[in-house]
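Some features that TrEMBL has for this protein:
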type: DOMAIN; residues: 1-90; note: domain 'Cytochrome oxidase subunit II transmembrane region profile'
type: DOMAIN; residues: 91-224; note: domain 'Cytochrome oxidase subunit II copper A binding'
type: TRANSMEM; residues: 26-43; note: transmembrane segment
type: TRANSMEM; residues: 63-84; note: transmembrane segment
Amino acid sequence: MANHSQLGFQDASSPIMEELVEFHDHALIVALAICSLVLYLLAHMLTEKLSSNAVDAQEVELIWTILPAIVLVLLALPSLQILYMMDEIDEPDLTLKAIGHQWYWSYEYTDFKDLSFDSYMVPTVDLPNGHFRLLEVDHRVVVPMESPIRVIITAGDVLHSWAVPTLGVKTDAIPGRLNQTSFITTRPGIFYGQCSEICGANHSYMPIVVESTPLPYFEAWSSLLSSS
């Protein structure tokens, strides 16, 4: 959960988000090195008198042509690796279908015979003490910890987007189309997200809450919900 004065990302709770945070730090170091070099060269040009040999040097032209290409390769390779990792879905242990509506989410656990529910935001007047305003829902998405989860995402009316930052997940929900994504939670906890596509007047009132639990607790929860 993000804090008011937080400058960085939320704590990563999935392998994909850990890779994204590492790539962000890697790109930030590269950008810092470029800015430092440019500032040094600017200061040097303002304080030193350049000779004609320095201005016409072919070695300098060769360096400022090759160096940007090397920087782009250093950024592109890890970026492509993460993109392929985000698209890779291998034999999920659980498949969840998320359907966006104005302005709530519907969920279906397709591996179970009859396990589906609607998830609405809890109004502020009904919010228990200690819960987050505009982020708590009446029915959370419960998933087993350390298990590959596939999420099939669509919409029933307008464009929505299913996004949970701490899991590194953000996928558009488009009417008439099925998009899919996947994640693995690395620890138990409650992870908050929101619809990230402007979808109407109450766009900011359709939060997403994913609760990661050990497998025995998930089995007990699914059995209880299916029987009811």
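First residue shown is number 1, and so on along the chain.
Including glycine, each Cβ sits where the backbone N, Cα and C put it.
Annotations in TrEMBL come from automatic prediction, not curation.
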Restricting attention to the domain 'Cytochrome oxidase subunit II copper A binding' (91-224), give the mean pLDDT.
91
From the DSSP assignment alone, can you count helix, strand and coil residues within the domain 'Cytochrome oxidase subunit II copper A binding' (91-224)?
19 helix, 61 strand, 54 coil
